[in-house]
Amino acid sequence: MSAPRENQGTTTYDVIVLGAGPVGQNVADRAHAAGLSVAVVERELVGGECSYWACVPSKALLRPVIAVADVRRVDGARQAVTGSLDTDGVFARRNHYVADWDDSRQALGIKSLGADLFRGHGRFEGPGRVTVTRDDGAQQTLTARHAVAVATGSLPVLPDIPGIEEARPWTNRHGTDSSTVPARLAVIGGGGVGVEMATLWQGLGSRVTLLARRSLLPRLEPFAGELVAQGLGDAGVDVRIGVRVTALRRPDPEGPVFLTLDDGGELEADEVLFATGRTPATGDIGLDRIGLTPGSWLDVDTTCLVDGVDGEWLYALGDVNHRALLTHQGKYQARTAGDAIGARAAGRPVDDAPWGDHATTADQHAVPQVFFTDPEAAAVGLTAGQAVDAGHRIRTVDLDLNAAQGANLYADGYQGHARLVVDLDREILLGATFVGPGVSELLHSATVAVAGEVPLKRLRHAIACFPTVSEIWLFLLAAYQRDKETPHAASA
Ligand SMILES: Cc1cc2nc3c(=O)[nH]c(=O)nc-3n(C[C@H](O)[C@H](O)[C@H](O)COP(=O)(O)OP(=O)(O)OC[C@H]3O[C@@H](n4cnc5c(N)ncnc54)[C@H](O)[C@@H]3O)c2cc1C
Ligand SMILES: NC(=O)c1ccc[n+]([C@@H]2O[C@H](COP(=O)([O-])OP(=O)(O)OC[C@H]3O[C@@H](n4cnc5c(N)ncnc54)[C@H](O)[C@@H]3O)[C@@H](O)[C@H]2O)c1
């Protein structure tokens, strides 16, 4: 490792990491493990959006809601749940998991992995050169001998609708850090944030209206959004699909917000939460100083080197490269790119062939995701539609999950559905989707099968325990075999 070197107010490290979310932390760890000196720059909280306003608080708040729903599906246990959720307890639980928005433990983590933390806003001044501006205006310049890794994440997008400022909308920030439950909440957007926020605030006692201009969870198999919409409706959410907000008003700043809808209606709520997508946090990081466009997503190659930048020094990881806006996928990119940075710095060969040590091949073939709704929706790889669009010859296998006795024992009247997408030419799985209570823990089996390209002939020998929900694999594979042996079986 070349130790940090100071010269005329500029400190030189082997690697500079911009952003200390989960992704920045992981690339710093891997680069340091490769023997490189590392500076990490963070302008807000070490741990990023994920730790304080996204994954962690949302799951801390959702778990009690789903735990109670799960108990209510088990006769004998249901009778033990007689009251409503203790919201103070739920908020205290959330506060515990976000450490009361105090990042000192995570900041120590940066130190203990051997990197130096610089608090402040990082901006490129030129290739390999970053200025850090602290809140008090003090500035420090850092230069990188080998690499800069941009892991600045993403920000919520608010649509340009008249009255949006006056409405003082919530985004994922208030949606996860509020400790008051609005009596009526309008949630706009049917993606992951929208459906999870609707689930959790309805569970905590709000009367939620969810407005989605298209189907829910549109990137998953269509049945996922349909079952999640049904679950939300059963929980009391007013789900309205195909409805847009055209204007907002909050005439009395202390009073309710009014939403004008394109179906001619008006909706009154106490708060409105926009979950209408993300924009890259690259607007103010000096991209123009290095020949890139401020505010753009950063396209990358398989080792996460940014396209169109000479010299193999600029990497972009996590949300900012727009490959998959998921913590686990960003961390995978960070581990892979951290190793690639180490290899390039040492002059060792880079193994960027598909599934190689320095390639993020899973980003294209095996991205797993779970939405913690009730029912849960879990998917990996390609949907049937995506597989056909990509030119694969496929067959889909569909089954209700209650075909597995384990599902019925897990929840009385278990309702859920599974789909496998099979590549007919190679007889491997391209994708799998499970929707139902408790399926989040089922997904990794499918991820192993998809990423491992395990032949179905061999998968048959991976036995699931009786009586678990996982036994659905047995029935899905048997159904595939049956279809295969039936000449008229449909292939999509
Ligand atoms: C409500 C919600 C729930 C979610 N739930 C899940 C989930 O359950 N599972 C999942 O996998 N994903 C989930 N996601 C997505 C997940 O939050 C992101 O994919 C993840 O946070 C991306 O990590 P990151 O490190 O790239 O960015 P971030 O977590 O956004 O971290 C980026 C860091 O960079 C810092 N930064 C930005 N600009 C600068 C600068 N110029 N100088 C210095 N520092 C800077 C920021 O302050 C921040 O700390 C959820 C998202 C939302 C909104
Ligand atoms: N459990 C998880 O892993 C989890 C949970 C939440 C979010 N996430 C990830 O975080 C990212 C951001 O999630 P998100 O839900 O904010 O974004 P998204 O892009 O997934 O969904 C946004 C939705 O809002 C809709 N929309 C956009 N503009 C609109 C408008 N003006 N009016 C009405 N609807 C509008 C879009 O059609 C889309 O369906 C996603 O990639 C998501 O997968 C993951």
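Placed from the backbone N, Cα and C atoms, the Cβ positions cover glycine too.
Annotations in TrEMBL come from automatic prediction, not curation.
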Practice task
Name the one residue among Asp307, Asp310, Asp319, Asp339 that TrEMBL lists for the same FAD site as Lys59, Gly122, Thr152, Gly153, Ser154.
Solution key: Asp319
Exercise for the section: Among Gly109, Gly114, Gly277, indicate the single residue that TrEMBL lists for the NAD(+) site containing Gly189, Gly190, Gly191, Gly192, Val193, Gly194, Val195, Glu196. Expected result: Gly277
Practice task
Name the cysteine that pairs with Cys55 in a disulphide bond per TrEMBL, restricting the answer to Cys50, Cys304.
Solution key: Cys50
Fill in the blank from the handout: Here the 10 Å Cβ neighbour count for Gly189 (NAD(+) binding site) comes out at 23
Handout entry: When distances run from the Cα of Ser154 (FAD binding site) to each of the recorded positions Cys50, Cys55, Gly189, Gly191, Val193, the nearest one
Key = Cys50
Exercise for the section: Translate the DSSP assignment of Gly122 (FAD binding site) into the three-state scheme. Expected result: strand
Handout entry: Where the C-beta lies under 6 angstroms from ligand 1, the matching recorded positions among Cys55, Gly122, Gly191, Gly277
Key = Cys55, Gly122
Handout entry: Residue among recorded positions Cys50, Val193, Val195 with least C-beta crowding, 10 angstrom cut-off
Key = Cys50
Practice task
List the binding-site residues Gly122, Thr152, Gly153, Gly191, Asp319 whose Cβ sits under 6 Å from any atom of ligand 2, in sequence order.
Solution key: Gly191
Completion exercise
Looking only at the binding-site residues Gly189, Val193, Gly277, Lys59 (FAD binding site) has its closest CA neighbour at Val193
Completion exercise
What DSSP gives for Ser154 (FAD binding site), in three states, is strand
